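> Annotations per TrEMBL:
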TRANSMEM  47-70  transmembrane segment
TRANSMEM  77-95  transmembrane segment
TRANSMEM  132-154  transmembrane segment
TRANSMEM  166-187  transmembrane segment
TRANSMEM  199-220  transmembrane segment
Amino acid sequence: MTISFYSILVLGFFLGMRHATDADHVVAITNIVSQQRSIRSAAWTGVLWGIGHSLTVFVVGAAIACFGFVVSKRIGLSLELSVGIMLIVLGWLNLHAAFRWPGKAGGEEQTDAAEAARLDRWLRFFSTGSPFRPLVIGIVHGLAGSAAVALLVLPLMRDTFGAITYLLIFGAGTVAGMMIVTAAIAAPIRYAAEHSAHWHRVLGGLAGATSFGLGAFLVYQIGFVQKLFLANL
């Protein structure tokens with residue numbers, strides 16, 4: 001092992017931390033954190049997201065390094081499209097939760113409660129507070145970035161051990177980065193939750209609207225600008 005190898009590993013860790021701050025990552029995780037009131041639980045949410053993301057990146061990256069696995073353009077775009085769809089769903093769920101205003105008539109309250117119960121049944125493993133939610137979101141993000149993993153592994157392709165070690169360090173950086181991001185996001189949300197239910201709902205609504213808008217933009221960008229929906233891709 002040379003000093004340059006260790007330098008690459010250190011760089012990989014910080015690149016992983018930087019990768020956690022990508023816009024679609026932060027927007028998706030904010031939708032979960034906006035419904036939590038504990039900084040500790042928010043940080044744990046970030047860790048779970050990072051584990052899910054790192055798991056898929058490691059599996060795909062190891063396949064590239066060991067077996068020369070190639071992700072085609074259409075598959076890569078399809079996986080990226082799944083992130084856009086996921087952001088739309090997360091945004092809608094957050095908007096739905098944010099605008100269940102208190103103080104409604106009894107019938108309306110019962111209707112909202114029934115709708116919430118149906119959502120919980122349909123999305124049992126994806127509901128707010130479930131550890132599966134950030135884990136699944138991280139897995140989807142990791143799959144969507146699998147096409148770019150080739151660029152991360154390519155410089156170390158001649159050294160399989162080095163490539164796999166780099167992926168592990170990159171994943172550790174991603175986990176650490178998202179843990180810090182979620183804790184930072186949770187701090188103002190916790191303050192709003194403790195001092196103003198109105199502003200807590202507003203923050204949740206803004207998170208949902210941002211997620212929905214970014215998801216719609218990604219679907220359009222990937223589907224039409226990058227021509228995934230067109231036959232001549």
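Cβ atoms are placed via backbone N, Cα and C, with glycine included.
Are these features on the surface or tucked inside, and what touches them?
Panel annotation: around the transmembrane segment (47-70), residues 16, 20, 25, 29, 131, 134-139, 141-143, 145-146, 149-150, 152-153, 156-157, 160, 163-164, 167-168, 170-172, 174-179, 182 of the same chain, lying at least six beyond its termini, place a Cβ under 8 Å from a Cβ of the stretch.
Proximity of distant same-chain residues to the transmembrane segment (199-220), defined by a Cβ-Cβ separation under 8 Å and at least 6 residues beyond the stretch ends, is recorded for 23-24, 27-28, 30-31, 34-35, 80-81, 83-99, 101, 188-189, 192-193.
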> Quick test of the contact rule: Cβ under 8 Å, at least six residues beyond the ends. What residues does that give for the transmembrane segment (166-187)?
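Same-chain contacts beyond the flanks: 8-9, 12-21, 25-26, 29-30, 33-34, 36, 38-39, 41-43, 45-47, 49-51, 53-55, 57-58, 61-62, 65, 149, 152-153, 156.
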